[in-house]
Amino acid sequence: MWGNVAPPLVQSYDCSSFDDSPERHPPTVSQYHPDPDLDIIKKAYVYSAKVHQGQLRKSGEPYLVHPLEVAGILGELKLDEASIVTGLLHDTIEDTLATEEELTELFGSEVAHLVDGVTKLSKFSASASLSQEEKQAENFRKMIIAMAQDIRVILVKLADRTHNMRTLDHMSEEKQARIAQETLDIYAPLANRLGISWIKTELEDLSFRYVKPQEFFALQAKLNKRKKEREKYIEDTCDLIRSKLAERGLKGEVSGRFKHVYSIYKKIKSQGIDFDQIHDIIAFRIIAPTAPSCYEALGLVHEMWKPVPGRFKDFIAIPKPNMYQSLHTTIIGPLSERVEVQIRTSEMHKIAEEGIAAHWKYKEGKAVISKDDEKFAWLRQLMEWQQDLKDPKEFLETVKVDLFTDEVFVFTPKGDVRSLPRGATPVDFAYAIHSDVGNRCVGAKVNGKIVPLRYKMKNGDTVEVLTSPQQHPSKDWLTFVKTSRAQQRIRGFIKQQQREKSLQLGRELADRELKRFQLNFNRLLKSGEMKKAAVDLGFRVEDDMLVAIGYGKVTPQQLSHRLVPQEKLNAAEAGGRADANPAATTSGGAGNSVLPGLSRVTDLAKRLVGRSNRSGVQIGGVDDVLVRFGRCCNPVPGDPIAGFITRGRGVTVHTVGCEKALATDPERRVDVSWDVRGDFKRPVTLRVLTADRPGLLADITNTFSKKGVNISQANCRATGDDRAVNTFEVIISDLKQLTDLMRTIERLQGVYSVERI
């Protein structure tokens, strides 16, 4: 870019050369800002032109076009001059020789901080080792952290992505599909959560065009077929509403529009219908002067046309979490077709279009999110999740389920409103109130009637949770709860229960082992000797070590080896009273010792099979042992596992949390581990609860194919309530592949739950 010339050092730029022609003028904020600093915007324009000089975009246009367009979008959002300047400079640190120090000197620390924040969202410290999905997940985590620090960073990023999507034609098809899918998964839902509806709509339609081009252009062609006829219909209907408002002495601006392409596509897919069966592709909007006049206009509309029962929504009384307010009603319109009508005030319309930007833009200093502002409760929830969920992919999946799905609004018995993902159950509602309420939930009343815990709540339901001190979460709840909060709390409780059982089992095994050497377990515990042994085995406290013994990660012999005097160990070995010579363990408590009874199992296995097993599991480092897998839990490589000697059958392998395994005599437990040297596949059965719609089974099987997973058996049946239960036995390489597969299926439209059985 600069050739052999160094970039400009920190200096004063002469803004007199600023081009004032309309097509090159950077966005002005004069029309909406009471006292804008236009000089800094002009200065940023000149600087951006200088440092980007000679750079071209894929389209062949000068690179400067991009920052100008980004700044223009930020101007449409009516943001402050610092945001506009950031839009002009957002690529300077990443793509030129400009530095943060230079930007600080020229434009101040606020702008430099914003530009640096946008730059960091695009950088990965270990990009070479990350998959595209992992990059996307990590990038989203960064966005949430940046958003909590200064919301303008995300608004600039949204503007940047919007212009990039507008010019995506010049990318390769592979990049088009990847960028569009990411936009559909993350940026469009994020714009919706921030309340910026026009960006959300544009990003969805642009993404749809590149993710599913055939469907996009086919649907667009159908919409264009009767476009002029529909435009005339919109004009006539608007005139009719205006005249009726005037007759009543009501003021209001009336407009009509086509619903955007992607929203129509989603309705076709979710309802399993054809385009010809979609009757509400047109919507009308009335902008009234006050909230009370909105309800007056609603009454007039319902007098003119019959409302469709169950299709009225009052978002004025109960705003959406993204601050959206409006009255929604669906009526049987002039041509006997369904038509949606939205009624709101001009202030509500402004918030619907600008969203979060409408609430902070002229406040002094940083646009930092207030911890006390209820409008940002969802963002505070995101911050908590990103701290709790260390895996970026798990964090992203959590957000997609809990925050980026459609919502239902339900009431507590006191009249408080709770927003939950569509498909949420009373158990999700209980955990949304408090973890203790969820843990003790025994039932629920919806609108005064007892309902099953699996009941899917609807808009306007009043939900009362019934609790009992004796109740505790059931593993079965995981098959139907929707929210990640409920899933985490249920898993946490079950894990704690398993820990307590393993702790008790570990104490019994340790006590039994120490008694062989006439040692008292409790005395060693009180004396501190047990603590020393735990630390020596790589644990912080005694309980962690005992839990590991209960799980089978550490053997009782490894403990006795550290507590029993050597002469006693030698005597026991010489006398044949000790079954094994405990070996030294590695740090972390995962040993590789020869276990009690292993030689007998090995001899038995050799007689039975006479060769190495092909199970993918090692028994105490020995390969040639007959191994079976518990059908109750069907472990796959990657699952924590435990082995149990089964007379006449070698060793049976279970997952460590399997209830059958926990109930097995601990004396029969042996140390097992997955053999990482080979590629071993295991059958797993998945139960997928779905809507009963055409094409959904094909979507699921296509997912198996894309993930490289073979189906060995399948059983699909309709349940008679517009649902279907689909059971698949699939061949899985490891736990990571299984988890990824289940999460992908869960994201399919019409899938309610995916369960491993």
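Including glycine, each Cβ sits where the backbone N, Cα and C put it.
The region 'Disordered' feature in Swiss-Prot is assigned to 13-33, 571-592. Here Swiss-Prot flags 63-165 as domain 'HD'. Annotation source Swiss-Prot lists domain 'TGS' at 406-467, citing sequence analysis. Look at Swiss-Prot and you will find 685-757 tagged as domain 'ACT', backed by sequence analysis.
Mapped onto DSSP helix, strand and coil, the domain 'TGS' (406-467) counts 13 helix, 25 strand, 24 coil. Broken down by DSSP into helix, strand and coil, the domain 'ACT' (685-757) contains 23 helix, 32 strand, 18 coil. Model confidence over the domain 'TGS' (406-467) stands at 87, taken as the mean pLDDT rounded to a whole number.
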